[in-house]
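The structure appears right after this line, and notes come after that.
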Amino acid sequence: MVAVAILAAGRGTRMKSNLPKVLHPLGGRSLVERVLESCQLINPEKRLIIIGYQAEAVKQTLEPYEGIEFVEQKEQLGTGHAIIQLIPYLQNFQGDLLVLNGDVPLLRSESLHHLIEIHKTNQNSATILTAHLPHPKGYGRVFCDGNNLVTQIVEERDCTDAQRQNKRVNGGIYCFNWPQLAEVLPKLKPDNDQQEYYLTDVVKYLNSVMAVDVEDYLEISGINDRKQLATAYDILQNRIKDYWMRAGVTLIDPDSITIDDTVELQPDVIIEPQTHLRGQTVIGSGCRIGPGSLIENSKIGENVTVLYAVITDSEVESGCRIGPYAHLRGEAKIKASCRIGNFVEIKKSTVGEKSNVAHLSYLGDATLGDKVNVGAGTITANYDGVKKHPTVIGNNTKTGANSVLVAPVTIGNDVTIAAGSVINKDVPDDSLAIARERQKNISGWRMKTDD
């Protein structure tokens, strides 16, 4: 049995933020969410989140995750003090405790699984995840004997000059035999410059503590300030983009592209420069996305082209062409083989198959049938200042340039709306609707001048 404890009580003053450090976002999810999800494959018996600074905000963020227990650390007196708070929650627990830091978001599940396996196989009192860093500044140093058993862990601020030459560092990830750890926790003393209870001090009280090196030292990267947050984002992006390129996705100028790890891409997708894919986005095979596009929480069908467009919370079916400079939002649904063109905004509307909205239009709260042609400058006037109203347009209908459809209004099938019309009444099938003043020409007229 394994229980997981995540240390998430600190403020993180170097972030210079009112937001708790563990709630800062990294690629669409908070740091602590990423840590929590890294241990999902372990299937722990218990998941304990140690909270302190802005505890309610942390609770609210993690509310969607089931089976979590929150442990409050009212005073932040070090990592050892944090683990002492677990004693009432694990009184009858006889398994192992995996301790994770809420600000170390790049850990892979495989690394944690390997750590636990080594711990169990060797029947260690504790097993520590370590790494050899080229530049170990800021990390505690781990000292081992010839059998990889830990003899000492020294925080950097307490290291001598000679000890600082050791490049094997403590990753802050531990697997403990809980009954043995619980027995020695009361022995911890705050006898250091920080007057804190260091969890690493338990090493001298436990029988066998082994160090295990992580395969990629970047996994243990901690986040203490905005620069480190940006560095972690780069590492995460490189992982994601490497995965998708190996899976058959073409990234043109990968450095200018960002992809959340919640995004799903099919083979033969081409992502052009300056494109950003976020949230629960799914993109079908054969699509060409970008350049200069943002797609968030949206589903894109096969063989869709998106050029300089913003698409959020929407769905685009196969064979569509979107952009340039189109904006789809608020549950817009574009059915197959449509063209949504220059400077078009579509919000909370459905556009039927093989329809065109090519230029300078706004469609809000509208339902369009199949093979509708929306002329340049057509607007649905859906808001009366109090509430929004629907517009319905039937199959094979055409709206002329600069038309205004004042909702609520229903336009039938096979209707033509004359250019420049303001339509505020329903139009039956097979009709021509004209709603504008008749043109009047005044012969011999001249504009007055000063001459």
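Keep in mind that glycine also has a Cβ here, set from the backbone N, Cα and C atoms.
Swiss-Prot annotations:
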REGION    1-226  region 'Pyrophosphorylase'
BINDING   7-10, K21, Q73, 78-79, G140, E155, N170, N224, R329, K347, Y362, N373  UDP-N-acetyl-alpha-D-glucosamine binding site
BINDING   D103, N224  Mg(2+) binding site
REGION    227-247  region 'Linker'
REGION    248-451  region 'N-acetyltransferase'
ACT_SITE  H359  active site, proton acceptor
BINDING   A376, N382, Y383, A419, R436  acetyl-CoA binding site
Inset, instruction - Take the region 'Linker' (227-247) and count its residues per DSSP category (helix H/G/I, strand E/B, coil), listing them in that order. - result: 20 helix, 0 strand, 1 coil
Inset, instruction - Could you find out if DSSP has G78 (UDP-N-acetyl-alpha-D-glucosamine binding site) as helix, strand or coil? - result: coil
Legend entry - Pairwise CA distance, A376 (acetyl-CoA binding site) versus N224 (Mg(2+) binding site), rounded so that it is a whole Å: 52
Legend entry - Cβ contacts of R329 (UDP-N-acetyl-alpha-D-glucosamine binding site) (under 8 Å, same chain, 6 or more positions away): V310, I311, T312, D313, S314, E345, I346, K347
Inset, instruction - In whole Å, note down how far the CA of K21 (UDP-N-acetyl-alpha-D-glucosamine binding site) lies from the CA of D103 (Mg(2+) binding site). - result: 7
Legend entry - Chain-internal residues, separated by at least six, CB under 8 A from G140 (UDP-N-acetyl-alpha-D-glucosamine binding site): I153, V154, E155, E156, V169, N170, T200
Inset, instruction - Work out how many Å separate A419 (acetyl-CoA binding site) and A9 (UDP-N-acetyl-alpha-D-glucosamine binding site) at their Cα atoms, rounded off. - result: 63
Inset, instruction - Report the largest Cα to Cα distance, in Å and rounded to a whole number, among the residues A376, N382, Y383, A419, R436 that the record lists as binding acetyl-CoA. - result: 22
Legend entry - Whole-number Å value for how far G78 (UDP-N-acetyl-alpha-D-glucosamine binding site) lies from H359 (active site, proton acceptor) (Cα to Cα): 61
Inset, instruction - Identify which of the recorded positions K21, H359, R436 has its Cβ surrounded by the largest number of other Cβ atoms within 10 Å, counting every protein chain shown. - result: K21
